[in-house]
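Q: Sharing the feature lines straight out of TrEMBL:
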- 35-322: domain 'Sugar phosphate transporter' (DOMAIN)
- 32-51: transmembrane segment (TRANSMEM)
- 63-87: transmembrane segment (TRANSMEM)
- 99-120: transmembrane segment (TRANSMEM)
- 126-146: transmembrane segment (TRANSMEM)
- 153-170: transmembrane segment (TRANSMEM)
- 176-193: transmembrane segment (TRANSMEM)
- 214-231: transmembrane segment (TRANSMEM)
- 251-272: transmembrane segment (TRANSMEM)
- 279-300: transmembrane segment (TRANSMEM)
- 306-323: transmembrane segment (TRANSMEM)
Amino acid sequence: MGQEAHHHHALPTSAAAADAAGASPAAAASRLFTAGLVAAWYASNIGVLLLNKYLLSVYGFRYPVFLTACHMSACALLSSLAHAYAGAAPARRRSRGQLARVAVLGAVFCASVVAGNVSLRYLPVSFNQAVGATTPFFTAILAYAVAALREACATYAALIPVVAGVVIATGGEPSFHLFGFIMCVGATAGRALKTVLQGILLSSEEEKMNSMDLLRYMAPVAVILLVPATLIMEREAFGVVVTLAREDPNFIWILLCNSSMAYFVNLTNFLVTKHTSPLTLQVLGNAKGAVAVVVSILIFRNPVTFMGMLGYGITVAGVVLYGEAKKRSK
């Protein structure tokens, strides 16, 4: 935090000290606000991850599709409420073409979240995060496959450790589960595909939407897809919820808390993106994964190996390199 103090050698000490505290109360307040946002982003993100893991694995509520349906319903409800409450300008008429494109995004988004939650049922959070860190690899591949967007060679080279790290982590993961792993990779590829499609489908100026607007349109699409999916795949989930709620009154609170937190993950993600630079976001995102891994290991006590952690470290290093390479090639 002290880097501001170095530029003002000529000032008298007291003024320099005041200056070091932030140019003005406003600057200090804004810095505090950003720090608070990041803290809220970390807390909601890691909180949802750990609560999902707790419900799906430890608590024994084995219904990832139903859980995702709860999350999406909360997102749909809360984002409509927020929109109404913010008294935002009446929404522009969205063309049917655009709504169709958003529906496609909603479907991809929905599938990736479901796959991620399914994978949590079978894999420890630490390994889930290691695989999740490979998102840039899938983004680069899909950007090339879908949109023929090419990166510089150095950028692709940086992706080698990203993948190599996960390969090592996979070999070293004591709780490896193939189906869970496939789902986790699918979830990661789905997230990347959503990013790429978002860039293409909503690229023209009049169609640009911020991520909260997008969520407001995508969440209902996801709910429409997930309710029938739950009825088909996890029909007994509703009955189990009722039973669990009778046995353990806290269960409903856990579910509600988990679902509303899912909305706050998106909200804080949006606000952090808005108030920081893309690079800061990249760094914070990598650190967030690492924090999630440490916290989850402390809480769930899943066995970890040196190989697993080494692989995760290599992947994160690769992601950092990739960010650097991308910045240089611009």
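Using the three backbone atoms N, Cα and C, a Cβ is placed for every residue, glycine included.
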Q: Is the transmembrane segment (99-120) packed against any residues at least 6 beyond its ends, judged by a Cβ distance under 8 Å, and which are they?
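A: Long-range Cβ neighbours of the transmembrane segment (99-120): 49, 52-53, 56-57, 64-65, 67-68, 71-72, 128, 131-132, 180-181, 183-184, 186-191, 193-194, 197-198, 201-202, 209, 214, 217-222, 225-226, 229.
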Q: Using Cβ atoms only, state whether the transmembrane segment (306-323) and the transmembrane segment (214-231) have three or more pairs under 8 Å that are 6 or more apart in sequence.
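A: The answer is no, given that the two segments have fewer than 3 Cβ pairs within the 8 Å cut-off.
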Q: Which sequence-distant residues neighbour the transmembrane segment (63-87)? Criterion: at least 6 residues beyond either end, Cβ under 8 Å.
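A: Same-chain residues near the transmembrane segment (63-87) but 6 or more away: 48, 52, 55-56, 110, 113-114, 117-118, 120-121, 212, 215-216, 219-220, 222-223, 226-227, 229-230, 233-234, 237-238, 240-241, 255-256, 258-260, 262-263, 266-267.
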Q: To the transmembrane segment (251-272), which of 32-51, 153-170, 176-193, 214-231, 279-300 is linked by the most Cβ pairs under 8 Å?
A: 32-51
Q: Is it true that the transmembrane segment (126-146) and the transmembrane segment (279-300) have 3 or more Cβ pairs under 8 Å, skipping pairs fewer than 6 apart in sequence?
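A: Taking Cβ pairs at least 6 residues apart, the transmembrane segment (279-300) and the transmembrane segment (126-146) are in contact, with 3 or more under 8 Å.
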Q: For the domain 'Sugar phosphate transporter' (35-322), report the average pLDDT of the model, please.
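A: Across the domain 'Sugar phosphate transporter' (35-322), the average pLDDT comes out at 92.
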Q: What else in the chain is close to the transmembrane segment (176-193), if you only count residues 6 or more beyond its ends and a Cβ gap under 8 Å?
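A: Contacts with the transmembrane segment (176-193): 108-109, 111-113, 115-116, 118-119, 121-123, 127-128, 131-132, 134-136, 138-139, 141-142, 146, 170.
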Q: Let me spell it out: take the transmembrane segment (32-51), skip the flanking residues so only those 6+ beyond its ends count, and list any with a Cβ under 8 Å from a Cβ in it.
A: 71, 120, 125, 128-129, 254, 257-258, 261-262, 264-265, 268-269, 271-272, 275-276, 284, 288, 291-292, 295-296, 299
